[in-house]
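Asks: Annotated domain 'Nudix hydrolase' per Swiss-Prot: 45-227, in sequence order. Taken from Swiss-Prot, the feature motif 'Nudix box' applies to 126-147. Sequence annotations record features per position, and here Swiss-Prot assigns Mg(2+) binding site to E132, D167 based on a curator's inference. Annotation source Swiss-Prot lists active site, nucleophile at E141, citing a curator's inference. Swiss-Prot lists E145 with the feature Mn(2+) binding site, giving a curator's inference as the kind of evidence.
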Amino acid sequence: MNFYRSSIISQIIKYNRRLAKSIICEDDSQIITLTAFVNQCLWCHKRVSVSAILLTTDNKILVCNRRDSFLYSEIIRTRNMFRKKRLFLNYSNYLNKQERSILSSFFSLDPATADNDRIDAIYPGGIPKRGENVPECLSREIKEEVNIDNSFVFIDTRFFIHGIIEDTIINKFFEVIFFVGRISLTSDQIIDTFKSNHEIKDLIFLDPNSGNGLQYEIAKYALDTAKLKCYGHRGCYYESLKKLTEDD
């Protein structure tokens with residue numbers, strides 16, 4: 001059970017009706033608590049990511065493979081040298097091969113680890129910049145990470161999903177707001193226009209009807225929730241992200 005005290009969940013509960021029962025999904029490095037709400041009042045928060053679970057026209061779920069693992073990003077970010085070394089020595093299995101090589105040289109250490117190549121997957125999105133609203137944040141992040149213009153993206157804003165992510169490796173909590181959407185492109189068309197960048201190494205596409213892992217469980221919860229009646233919502237059913245950006 002997740003005992004993290006969210007900074008915004010009390011406000012979300014106060015102004016938005018809960019739409020579905022919360023679920024908890026987990027793997028060997030993360031515990032994620034998801035709760036769906038009818039979108040009655042939502043605002044951007046500077047410490048909460050906004051992400052989109054997007055379906056292609058050939059019914060695939062778009063997922064991004066991060067260039068850097070979560071652990072590597074944390075090791076680089078932290079200034080505490082003791083913590084850097086401890087994370088590296090204790091959890092090097094959660095790094096990819098290149099990261100292990102770089103850090104082994106940096107610390108002059110060679111941890112006993114399997115020769116695995118870690119890949120951390122995420123949904124497109126990120127932290128809103130100063131002054132950005134939800135549509136603007138999603139438009140920018142999807143363009144930067146996946147190279148898709150907002151004119152191809154349609155978002156269901158009738159509801160949203162609040163997620164609390166506990167990273168059990170680095171012992172930190174993160175919050176995220178998920179929206180469900182569609183892309184008026186096939187998975188092949190998206191791959192053709194995608195350009196590997198400093199955040200995203202490549203793309204993968206999941207089958208919404210079968211699979212395993214955290215990203216599949218998140219998508220299944222979101223897509224099942226999308227079938228429910230969102231009485232009292234103040235959003236739109238698959239509105240163009242471009243139009244949402246212009247309207248706001």
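From the backbone N, Cα and C atoms, a Cβ is placed for every residue, glycine too.
Distances, neighbours, how buried they are, the whole picture for these features please.
Replies: Per-residue confidence over the domain 'Nudix hydrolase' (45-227) averages 94 (mean pLDDT, predicted model).
Beyond its flanks by at least six residues, the motif 'Nudix box' (126-147) meets 42, 44-52, 62, 64, 153, 155, 157, 177, 179, 190, 193-195, 197, 199-200, 203, 241-242, 244-245, 248 of its own chain at Cβ-Cβ distances under 8 Å.
The Cβ of D167 (Mg(2+) binding site) lies under 8 Å from the Cβ of S29, Q30, F70, F173, F174, each on the same chain and at least six residues away in sequence.
Counting only residues at least six positions away in the same chain, the Cβ atoms of V50, S51, P124, G125, G126 sit under 8 Å from the Cβ of E141 (active site, nucleophile). Secondary structure from DSSP puts E141 (active site, nucleophile) in a helix.
All protein chains shown were included, and the count of other CB atoms within 10 Å of the CB of E145 (Mn(2+) binding site) stands at 22.
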Asks: Over all shown protein chains, what is the count of other CB atoms within 10 A of the CB belonging to E132 (Mg(2+) binding site)?
Replies: 19
